[in-house]
């Protein structure tokens, strides 16, 4: 069970990392990211006044339309990381990794502003990062499996500005104190609540899903009268950091599967700087993360911006989805195919 820290006893991020004897290089990178996140939180707060929530008429390395604040966030994060012990940086906003100091011990993969399309709707957005050891060269460092990560985390810019940090096999929550302007420890040792009957998926894409995913969602929607024997709530925020935060606080399962649309057949989220860090956080908080067929942390990227499906959350609920995929040919079996017509977990 997570320990809650009263405000008057809460150590700062820097102090807590020192108390936990965190690796000095990792700590320096995390503190650099926190410095950038403080400024980014301020920029997000004034985005409608400064026009930062508008499009920048450009696309990033992966073909996504950029907001002006995407570029601001990328510059803030990379500028901060250049002052830390970092050999290379892989950002969602650039095509290839940037070499900073080839002799430094760490590399960082980052999505500087995840969910920026939500800015105009005043929905939480965030920064996701993965810290990993430098390999034989900067590029190859990002092609190691997710198990190689030294630390990972995400900032949430919402009602509070928070940092969820996975380091040394634990997950802690820090909140940006509005007066001190420091991240202070709010909860340590986060554990995902078990057996919460909630699932998150974008149901508008149902027609594009595999038969397996449709069958899983149908079983949840059938409720207490269906094969799963209980009522489920469905959630969808369309913000990866907000979805992950909710799972850490409430439990349940999040699904962003591959589907039949062009550009989605291998999943939509990026493996190195979205799925890998989220998987590390989930596992170290007692949960699980899968592609539906494989443990996310065991997957290795073949290209910097490779995509992957992501199912994460409560171990039991993730396992349920994995079991539905067993014996099913990848990847878009149809629900009216004879062998898989009504493959369900309970029949």
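A Cβ is built for glycine as well, from the same backbone N, Cα and C atoms used for every other residue.
As annotated by Swiss-Prot, Mg(2+) 1 binding site applies to 92, 111, 113. Per Swiss-Prot, the feature Mg(2+) 2 binding site maps to 111, 114, 274; the stated evidence is sequence analysis. Taken from Swiss-Prot, the feature substrate binding site applies to 114, 115, 116, 117, 202.
Here the features listed in Swiss-Prot are painted onto the structure.
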residue	record	CB count, 10 Å
92	Mg(2+) 1 binding site	25
111	Mg(2+) 1 binding site	29
113	Mg(2+) 1 binding site	28
114	Mg(2+) 2 binding site	29
115	substrate binding site	22
116	substrate binding site	26
117	substrate binding site	17
202	substrate binding site	15
274	Mg(2+) 2 binding site	26
(message) Between the Cα atoms of residue 111 (Mg(2+) 1 binding site) and residue 274 (Mg(2+) 2 binding site), what distance do you get, rounded to the nearest Å?
(response) 7
(request) Based on DSSP, name the secondary structure state of residue 114 (Mg(2+) 2 binding site): helix, strand or coil. (result) strand
(request) Please report how many Å separate the Cα atom of residue 92 (Mg(2+) 1 binding site) from that of residue 114 (Mg(2+) 2 binding site), as a whole number. (result) 9
(request) Other than 111, 114, 274, which residues of the same chain sit close to Mg(2+) 2? List them in sequence order, counting a residue when its Cβ is within 8 Å of the Cβ centroid of the site. (result) 92, 110, 115, 126, 127, 128, 154, 240, 241, 269, 270, 273
(message) Of 115, 117, 202, which is closest to residue 274 (Mg(2+) 2 binding site) if I measure between C-alpha atoms? They're all binding-site residues.
(response) 115
(request) Write out, in the order they occur in the sequence, the residues of the chain not among 92, 111, 113 that have a C-beta within 8 Å of the mean position of the C-beta atoms of the recorded Mg(2+) 1 site. (result) 70, 73, 74, 91, 93, 110, 112, 114, 116, 127, 128, 273
(message) Pairwise over 114, 115, 116, 117, 202, annotated as binding substrate, what's the top Cα to Cα distance to the nearest Å?
(response) 17
